[in-house]
Amino acid sequence: MPVDKNLRDLEPGIHTDLEGRLTYGGYLRLDQLLSAQQPLSEPAHHDEMLFIIQHQTSELWLKLLAHELRAAIVHLQRDEVWQCRKVLARSKQVLRQLTEQWSVLETLTPSEYMGFRDVLGPSSGFQSLQYRYIEFLLGNKNPQMLQVFAYDPQGQARLREALEAPSLYEEFLRYLARFGHAIPQQYQARDWTAAHVADDSLRPVFERIYENTDRYWREYALCEDLVDVETQFQLWRFRHMRTVMRVIGFKRGTGGSSGVGFLQQALALTFFPELFDVRTSVGVETRSSQGNAGTAGS
């Protein structure tokens, strides 16, 4: 159908009798969603709307990310490798979206932000329940974080549930054990509330996988999927820190933290340390023995 006079006619099949029927806005509950942006500044500061929407949309993406990571854990428990890889691929794209979103907030100048910062009171992104929940799902577990949510018993209970359950990485290690890899017994049952720290006893397992990718392709592919997720998560953390630095400099955070300094510390946290450490040792012994053999025969 050609377009005439820069107008597009409605096609005959398009529904226009929508009284009492499910509509786009009704399905998405847009009346509730789009009425949730309520600036507190008086008169309303123009840029507070940007600040609110930035964080609300981030929380929506975090909700999806948590949904996908929980699914990945279930798939691993069921030994469903390809289904797990699918949701991890989606998780990576969600993190990319979250990372790129900071470019919108970066258009906020320091003076614009200071124009409404006081109305935020002690509220802070540090108090994002979903962010902490995702950290726990990925293995960055810190029981101290429960204190922040004492005001929200239901949310605190949800966070505690994730704290006390195996993380995504721990379920991956249990998956490897079921398929004959020499995972130490402690990873079958331990205090799941403790954060995972780098463990040299796991390195031979991953060296074997990374040095024999044809034989262990499924395991290798899952390792790389996890590396992708952590890399993208760290890029998001880094972009967050740089955006805060750009907008407020080195002022203290609204929630009482040191601000940029506190965010910088998060960049040193890791989810899957052995998957990065193994790259240092892969092939080293092989190359060393080959080099020694060559010297002896010369």
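A Cβ is built for glycine as well, from the same backbone N, Cα and C atoms used for every other residue.
Feature annotation from Swiss-Prot assigns substrate binding site to PHE51, ILE52, ILE53, GLN54, HIS55, TYR113, ARG117, THR254. The heme binding site annotation in Swiss-Prot covers HIS240, and the record cites sequence analysis as its basis.
Just so you know, of the binding-site residues HIS55, HIS240, the Cβ with the fewest other Cβ atoms around it within 10 Å is the one at HIS55. Sequence-distant contacts (6 or more apart, same chain, Cβ under 8 Å) of ARG117 (substrate binding site) comprise ILE248, THR254. Using a 10 Å Cβ-Cβ cutoff, ILE53 (substrate binding site) registers 15 neighbours.
With respect to their backbone Cα atoms, ILE52 (substrate binding site) and the residue listed as 'heme binding site' stand 16 Å from each other. On a Cα basis, HIS55 (substrate binding site) lies 12 Å away from HIS240 (heme binding site). Residue environment of GLN54 (substrate binding site) contains 15 other Cβ atoms, counted within 10 Å of its Cβ in all protein chains. Sequence-distant contacts (6 or more apart, same chain, Cβ under 8 Å) of PHE51 (substrate binding site) comprise LEU105, LEU108, TYR113, PHE116. The local packing around ILE52 (substrate binding site), expressed as other Cβ atoms within 10 Å of its Cβ over all shown chains, amounts to 16. In this structure, THR254 (substrate binding site) belongs to neither helix nor strand by DSSP; it is coil.
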